[in-house]
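Trainee: Below you will find the structure I want to go over with you.
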Amino acid sequence: MKNTQWVAGLLAAVTLIQASAHAEIISDLPGFEDGGSQGQTFRPPPPPMPNEGVTRQYTDVANLDQISRKSGGEAYRFNLVQPTNLKYLELTVQSSRLKIHEATVMTVGGQRYMIREFHNSNVLETGTQLTSENLNINDDIRTIELRMESYSHAATISLKAVGDRAVPRMSVQRPVIVAPPSQPNRPTQPTQPSRPVDTRLRSGDVVVSVSSQGKYYDGRVVEVYGNGKVLVRDEDDGKTYVRDISSVGKRISCASNGLCEGEEVMAYPVGSQAKAYVGKIIAIYSNNMVKMRDADDSKDYFRDIKVIHRRLSCLESLCVKDRVLSRSGDGTKYYSGVIDVIYSNGVILVRDDDDGKVYSRTKEIVFKSVQCHSSGLCIKDRVMSKSGDKYYFGSVTGVYSNGLIYVRDDDDGKSYARQHNVVFKEMKCANGFCRGDRVLSTLSNGRYYAGRVEGAYAGGLISVRDDDDGKVYLRPHTVLSRAR
């Protein structure tokens, strides 16, 4: 009985100690104060209330540097790590100048869509920002592809993609250059040095020699003497003459500058550059004299090799059969035509369209016809151009390498030559306004005119058809307000 009471007392003491320890532990938790006998129930803080009226944007920005100057551009891809639907794209030029030749997106279904606001852009300066319209593509996009060309040093851009329901994580893929398969090394035969032309005079050599009166004579060497004299038999009279060895040239096949017998050339007569003659080389001599048969009279003439110019297929960017525009000597007129012949001294023979005749002109005033100018203007583009203080709507009929643009005006159907900086390309959207937008024009006289956008232009002007009179007016985009 005594032992039982002792055990019961021990258990009661242990229970009291555990309860006290448990109370100390609980008193350290939040909601309990030291010395308090009543505990407070712990409740986790409520979740933050969502911001009302705030729309979440899913965006990612990818940077691309070292965009090359390769003519025609190279294709750069922005691959979406997880294909998703995109709302729109925004491109910013961070450094240098560049042109976007092509801009497309490709869906997971394999469909390709053009990004009109980026496609065939002008040359974009540093800081320029382009924003696409809402893409409105009912499929997830897998790839964004931009074919771009730098117009200065290597360019850098940033591309922002705005997703519809998820962040469009992008990775950049540069153009892949496939190296040609390596060929096994084969021992090559050492190139044989070209044999020098033997210009030493010997008996029987065909030569040209200069008389004491300065005339040139065909002939043959009879004898060569140690005192620097040569006995020559002239072809015209069969007589022999003693002449200085420095005035006798041996006939050779080709000159050191690569000019050879049989080539078609252009030349100026010795001592004169008043008139040019075209013809064919009959003979070349070691003393840098050339015998040339002129095309106009079929006679042979001796001329210094310095005034002989080779016929070429191309010179710099100009080639035979190129469509060109030639400027008149006084710079007031231009003539369209086709290149017939090119010579190494820069003289171009051009057949003009208006009269079908061939004219000799220098390469500095002959300009090649190209499809597009670096400003983005291309043949067949709809444009607005400025002449004096007036603007004219029309279409591009010609683009030339000197920046001259031929425009056929709508009002009279005639074509006019204008500099590229006064010709503005018509676009669907520019400066935040698009064709078909309803707008309000605020004029300097305080009047307001409601109307509809007919066209937007690269120069910042917008054509608007007013509701009140149905006429089209050109206005700067800064005086327009778009209807919501």
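Easy rule for this one: first residue shown is 1, then count along the chain.
Each residue, glycine too, has its Cβ placed from N, Cα and C.
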Trainee: According to TrEMBL, which of these ranges is region 'Disordered': 34-57, 178-201?
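Mentor: That would be 178-201, the stretch labelled region 'Disordered' in TrEMBL.
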Trainee: DSSP says what for the domain 'Bdellovibrio beta-sandwich' (54-177): how many helix, strand, coil residues?
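Mentor: Reading the DSSP string over the domain 'Bdellovibrio beta-sandwich' (54-177) gives 0 helix, 72 strand, 52 coil.
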Trainee: Mean pLDDT for the domain 'Bdellovibrio beta-sandwich' (54-177), rounded to an integer?
Mentor: 87
